[in-house]
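Report on the structure given below.
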Amino acid sequence: MPSKPIAHVDVDRARALGFGIDETYRGFVSDWHSHRRHQLLHAVEGNLELEDSHGRWLLPEAQAAWIPAGQRHRVSSAGARLQTLYLAPSLVAQPPAETAVFQLPALGHALLARALGWPHHRRLDRRARALFVCVAEEFAAWSLEPGPWRLPQPRSQALAAAMRHVVDNLEDGPTLAEAARQAGVSARSLERRFRAETGSSFREFLLTARMIEAQRLLREPGARVSSVAYRLGYSSPSAFSTAFLARVGQRPKALLRPPASR
């Protein structure tokens, strides 16, 4: 398995209408770019961070992303093994118009494994085309039920400053008033900006930021639910567990890595 990108693959000029790449990276930050094909992105090991003009997402293990053709985006990671499928628009009858991150079910893993075996330089035969059409339809359907891993992009500098303050100070339990001071506006004005620019509230943004960071921290080697709770500004592990279960649909301990065998 390669330890760096397969630079010789021109995604948009590949002969196959659908194909996949399985790669391992030690760490990278991609440039802003887009493809003429739809892209399916999955982190097998490690975490990926995805960003486009509409938001920022965390892709922990077992999550996948749908990135529509033509959507400018960039991806970064401290180190991960990722699987990517590229689908020509002709394979997708009704493609989702926006980027989405969602839980990848067992069927998704099986479809990925099957599709990754098709080389980019070989035209699809009848069976392969049927496979990629199936992949496209299933992933498009799953993307309509996105998970809680998206932070919206701000339009104003004031909201951007407030968001940075929240994300950088989760352990301190940032408040609306504190974020407003960092943004140079009143608390009431900042709340209005959140609703006008993101369609949501400061409280919702704080919760989402906590849940995204929790997904990353819980998967670190040796992580403990109690330590993660306090690092995210919760008053107790039980308060964190309750919030996590309500938001993510599973308890925090389900994400902990098993201890390494001695």
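The backbone N, Cα and C atoms fix where each Cβ goes, and this holds for glycine too.
Caution: TrEMBL annotation is automatic and unverified by curators.
Per TrEMBL, the features are:
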DOMAIN    160-258  domain 'HTH araC/xylS-type'
Stretch-averaged pLDDT - the domain 'HTH araC/xylS-type' (160-258): 94
Within the domain 'HTH araC/xylS-type' (160-258), residues counted as helix, strand or coil by DSSP: 72 helix, 0 strand, 27 coil
